[in-house]
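What follows is a short report on a single structure.
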Amino acid sequence: MWARTAAWVFGLPETLREICYRRDNVKPVDELQKTIGHRFGDMELLLTAMTHSSWANEQAVPVEHNERLEFLGDAVLELCVSEELFRRFPSAREGDLTRMRSRLVSKPSLEGVARELRLDMSLRLGKGEESQGGRERGSLLSDALEAMLGAVFLDAGYIAAKGVVMRILGPHFPEALVPVRTKDYKSQLQELTQKLFRDRPVYTLLGSSGPEHDKQFDVRVVLPDGTVFEATGPSMKRAEQMAAARAVATLDK
């Protein structure tokens, strides 16, 4: 209420009113909170995480953007993933743990997760960045994802941040084993389905999105019993491996 009164009485510029209210992008940001399973006590943190420097630079008054939160979120993400891998694979060697972590926190991996979360809908971009297709830029999306994790950490601490990391990255953990195992997941899945169902899985390309230099491919694999697994990756081959990894993780339970 004080912000509305101040803007009306003192004739503050519209940009400052907008900053006071923080009402822009309310619906997408609200949906994002539901998706990640965390309701922010301090909404300012989430809005800052979704604010690109190009948007901040266009405002008439100083506005914080997400680069500092990205720095923090990068460290939070690495710690959360490292701890989870350490606990899940007690017999794994350091080199294997490092390779698995690198796969999970790589830019392509984070870009895919950001697209799954529809993070682009919550971003605040400057006019120039928007016109140049910034909302589809993978590096921008992965940076915003890290900033969001930094915001969760500041808002509610490590346990809350770890919970969000596991909700959004947990399904991708089986995929992290792909470069470590000697056999690829598509081969493993075919062996499993032949053994269990006497038939092969069927892969389908659902579509692709993003600019030519940064395309993402959506793939579905259907098992003989009708069970469906989907994944998104930087190539059709990689997406198929990711979908197969999810299927193998389920069948191996």
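The backbone N, Cα and C atoms fix where each Cβ goes, and this holds for glycine too.
Values in this document were obtained by computation on a predicted structure and should not be read as measured data.
Restricting the average to the domain 'RNase III' (29-157) gives a pLDDT of 89. The annotation domain 'RNase III' is assigned in Swiss-Prot to 29-157.
Look at GLU146 (Mg(2+) binding site): DSSP puts it in a helix. The C-beta environment of GLU146 (Mg(2+) binding site), restricted to residues of the same chain at least 6 apart in sequence and closer than 8 Å, consists of LEU69, GLU70, GLY73, ASP74, LEU77, LEU110. Annotation comment: Swiss-Prot describes GLU70, ASP143, GLU146 as Mg(2+) binding site.
In the three-state DSSP classification, ASP74 (active site) falls within a helix. Annotation comment: Swiss-Prot describes ASP74 (among others) as active site.
As annotated by Swiss-Prot, active site applies to GLU146 (among others), with the evidence given as sequence analysis.
The domain 'DRBM' annotation in Swiss-Prot covers 184-253, and the record cites sequence analysis as its basis.
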Secondary structure content of the domain 'DRBM' (184-253), with strand meaning DSSP E or B: 32 helix, 21 strand, 17 coil
Residues satisfying Cβ distance under 8 Å from ASP143 (Mg(2+) binding site), sequence separation of at least 6: ASN66, GLU67, GLU70
